[in-house]
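The block underneath contains the structure these notes are about, expressed in structure tokens.
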Amino acid sequence: MPNASSWSASSPLLLLWEDSSGTHIFLSLLYAVLAISGTLSNVMVIYLVFSFKKLQTTSNAFIVNGCAADLSVCALWMPQEAVLGLLPPNSSSLRSAEYRLLRGGLLGLGLTVSLASHLLVAFNRYVLITKLPSVYQALYQRRHTGCMIGLSWALALLLVPLLPGLWTPGSAQQPPPRGPDGSSRYTALLLALAVLGQTALLLHCYLGIVRRVRGSAKRVSVLNFHLLHQLPFPAAPPPPRRAQRRLSSVSVLLLCCVFLLGTQPLVWVSLLGFFLRPAPPALQAASWLLLCALSALNPLLYTWRSEEFRRAARSVLP
């Protein structure tokens, strides 16, 4: 049986290959819980948006796009990891290159579109709250919105085949042909820099929203991020009270904190492995698990403060 360091080097996506059967069971149960909860929450958000006309807004279109991508991780990839974690290391499923490529493709496709959807939602809200209504109306026409969503999937479909080593775990018995100084290290560096850039843009958008909410009143209900359905906008409501502005800022900052917690560990683990030395196997495993767990949390992040979503959910749930 391979030791922890050799397994981590050859298979960064699977959690550690420990000798303890209790660890196998715990990790498989964790993946199973994330798979079930993430699948149910993502399906619920998609169903609510398609069923209730009030929820069919531009921002919710990007949220639904992210939920569809997260289903690739929660409904297709995580259940396989839960089952494979219980198999012996010499299982034919673990050694099958084609099967590993399929799992890696599902994970890469889902995570790429999901991260792109985070940025699309943030930019949409930033333009809505900080720019003139005419700018928002011109930028987010139905055709433009569809093109943005299509580009997120086209980018993912382009990157997954070009960077198979990033998403496809190697075999425990047969380490990858390239050493630690090969192109796989540069691929991981590229991933880290891409996520860092996406995070910087997302934080710029949300911090701009916070400054706008704290500094002035906007003709949008910023408290719940409830996007208006018809333009031009009606008369501006009175400025939100101080408590409302504070609650809006806390909601935005909480969303940013959860996003940073899910993405940044993998970024810094990848940078540490490229410039200094590989991180401990447990840290590598935890960073990947946090990033994948974000797919199960995304629906709650974007809907828990929306009264329209809560009202729609109460109408369909017993």
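Backbone N, Cα and C define each Cβ position, glycine as well.
As annotated by TrEMBL, domain 'G-protein coupled receptors family 1 profile' applies to 41-302.
Note on the transmembrane segment (25-50): residues 15, 56, 60-61, 63-64, 67-68, 70-71, 73-75, 78-79, 81-83, 85-86, 289, 292-293, 295-300, 302-303, 309, 312-313, 316 of its chain, located 6 or more positions outside it, place their CB under 8 angstroms from a CB of the stretch. If you look up TrEMBL, you'll see 25-50 (among others) marked as transmembrane segment.
Feature annotation from TrEMBL assigns transmembrane segment to 62-80 (among others).
Sequence annotations record features per position, and here TrEMBL assigns transmembrane segment to 100-123 (among others).
Sequence annotations record features per position, and here TrEMBL assigns transmembrane segment to 144-167 (among others).
Look at TrEMBL and you will find 187-209 (among others) tagged as transmembrane segment.
Same-chain neighbours of the transmembrane segment (250-276): 115, 118, 185-186, 188-189, 191-192, 195-196, 199, 202-203, 206, 209-210, 213, 283-284, 286-288, 290-291, 293-294, 297, 301-302, 305, counting only residues six or more beyond its ends whose CB sits under 8 Å from a CB of the stretch. Summarising the annotation, TrEMBL assigns transmembrane segment to 250-276 (among others).
Under the heading transmembrane segment, TrEMBL lists 282-304 (among others).
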